[in-house]
Each structure stands twice: as structure tokens, then as C-alpha cells.
Amino acid sequence: MAEKIAVLGAGSWGSVLANMLTENGHDVTLWSRNEEQVKQLNTEHTNPRYMKDFVYSTNLTATTDMKKAVKGASVVLIVIPTKGLREVAKQLNAILTELHQKPLIIHATKGLEQNTYKRPSEMLSEDISPENRQAIVVLSGPSHAEDVAIKDMTAVTAACEDLASAKKAQKLFSNSYFRVYTNDDVIGAEFGAALKNIIAIGAGAIQGLGYHDNARAALITRGLAEIRRLGVAFGANPMTFIGLSGVGDLVVTATSKNSRNWRAGYQLGQGKKLQNVIDNMGMVIEGVYTTKAAYELSRKRQVQMPITEALYRVLYEDEDIKTAISQLMDRDLTSENE
């Protein structure tokens, strides 16, 4: 059955998901603050800053008016970086109060909030009143927007403690090339989604420094161990980390040049300064912010995360990246299962 869906956030992932939902037969309105971007989407059906050369469905409508996008929507999909998530959530909450609507909330945000260390679903549950929403579902997994745009086969997870809501999201998104599985482990799905960006920066740095496949495989594998340790410390199911929102998302993000976190790490490995990398990218590098949050969380919970700690020193204490990576090999020898 066709649903009216509002998509908040018109970056690469938000706009491609909005396009796919439109092609799935739903009535979709895409919201962005940027008037020029909205004009291009509505008249030329393009989004050149984020998706060069991709042409969007003529049935997809964009607007700068969030109220217009949300009015009558049974589902709101939020695809906003963590840094701006609360602002958008509060604006949405006020609109839902005014409209007396209670939609299902789905989010595809990957990261942790600085200072509070909170996951996106925790932020949304605080800023969108229970009377203004149904459940909150997490959509996560190995899914580059560029691949989904060309209808490459993709599989992701819809996670929610209320499995009926996860199944609803599953039906909304699934089609011949985009397969959605359900899971009730929101904590694991969100930690996997956030922390893999840190490891992707490290994997890019490894290649930027000139190391090869062995080094990259070691970093990704030991990075997964760090992700699992921190997630389990917060109540996640360890099995989630060998699923799509865990190792799946990690592999695609840490091995692909489509990953902005990988590209950022690669440039750091080649000797560029962080601010120059950020300026050159022109888009949010979520892993930079997540590294700080995860580092502080690991210290607070006394969880060993040596790769995260090394990258924190590089990103926030200006340590030489080659030195930081090399020191990982000089640590005390331990069991693989520690």
C-alpha cells in the first residue's frame, strides 16, 4: 500500500532514499533548507552537489517548507548528520504538535552526539514527544548512495524494539534490488553504524601511508573487535556486529573510495592536515566527530579501543599519523579474544 512519506535531509543518502521510495510507489516529499537545491530537484531533477549526473524521478517533490513536507505523512524518514539532528527533531516536533500527527519515525543517521555520547534514536526520542510519534526505526547497513542510485543489489537492516514497526519499514523500502532484514537490537545497529566510520578513516589512512592488503585486513578486523566491545558494554547483542549493520557496513565503508570517511583517512595518510581535508571534502565527515565521542565513551566505560585512541590523537592532538599507526604494532602482545 502506498504511503505518504516525508524525507528530511537532501544529501546523497537522503535524496537517493527519497527517490527509491518514490519509485517504490509512495508519495514522497523531500525537505531541504537550501532553496537552490530544491529548485534544481524540482525543475532539473538533479542534485549535483551530492549526486553528480544522477537524474531523480519526476514524481519526487522537494520543498524548503518542512510543514508542507510533513503534513499528512504517515512516515517521516530523517537523514540528517548527528550535529544537526536535534535542531531538525525539535522543529519536526513543533510541526507534529501543530498538525496533530503521529507518524512512524525512521532514521538513517550514523554517528554519536558529542558530549552526551547519545545515539540518534536516543536524541530523537528526547526531542520528539511520544504523543507525536510512533516507534523509532533505525535503517542501517552497507549502502553507498551511489550504488543504490544505479540499482545495484543492496541489503540493510531495519532495527526497532517493536518488530512490527521494523517490518513496516522493511515493506516500505524493499524492492528487487534493495533487501531489508529486521532486527530488534537498536543499540547494536546504531553503534555499528557510528563506529565503523572511525575504522574507515583508519583504513583509508593505512592505504594513504602506502600499506597494503594485509595491513588493511588487520585494521578492519581489529576495528570490528573494538566496535563489538563498546557496543556490548552498552547492552548490544554481540551477534548484531557480524550482521549487515556491523561487519557489513564496516566492510563497505572501510574499503570503498565512495566512502567520505575512507577518503578523509586516505588524505590524512598522504600528509594533509585535518582542516584541509574537511575543507576539500565539502561534506560532513561523520567519523571525525564520532572518534571523539567514542574515545571519551571508551575511557568512561574502561573499554580497550586502541585504534580509536590512535586516531583520536591524530585528529585532536595533531599526532603524526604514521607514528600513531606504527605504535599499534608495538603494543603488548595479547590474546585475539581479549
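Each residue, glycine too, has its Cβ placed from N, Cα and C.
Whatever TrEMBL says is automated annotation, not expert-curated.
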LYS110, GLY141, SER143, LYS196, SER259, ARG260, ASN261 bind sn-glycerol 3-phosphate per TrEMBL; candidate in ASP185, ASP249 listed for that same site:
ASP249
Per TrEMBL, which one of ALA135, ALA145 shares the NAD(+) site with GLY9, ALA10, GLY11, SER12, TRP13, GLY14, ARG260?
ALA145
Please name which of the binding-site residues listed here, ARG33, GLY141, SER143, ASP249, GLU286, is nearest in space to ARG260 (NAD(+) binding site), Cα against Cα.
GLU286
Counting Cβ atoms within 10 Å of each Cβ, the densest environment among the binding-site residues ARG33, LYS196 belongs to LYS196
For ALA145 (NAD(+) binding site), what is the tally of other C-beta atoms lying within 10 angstroms of its C-beta?
20
For the domain 'Glycerol-3-phosphate dehydrogenase NAD-dependent C-terminal' (185-325), jot down how many residues DSSP puts in helix, in strand and in coil.
112 helix, 0 strand, 29 coil
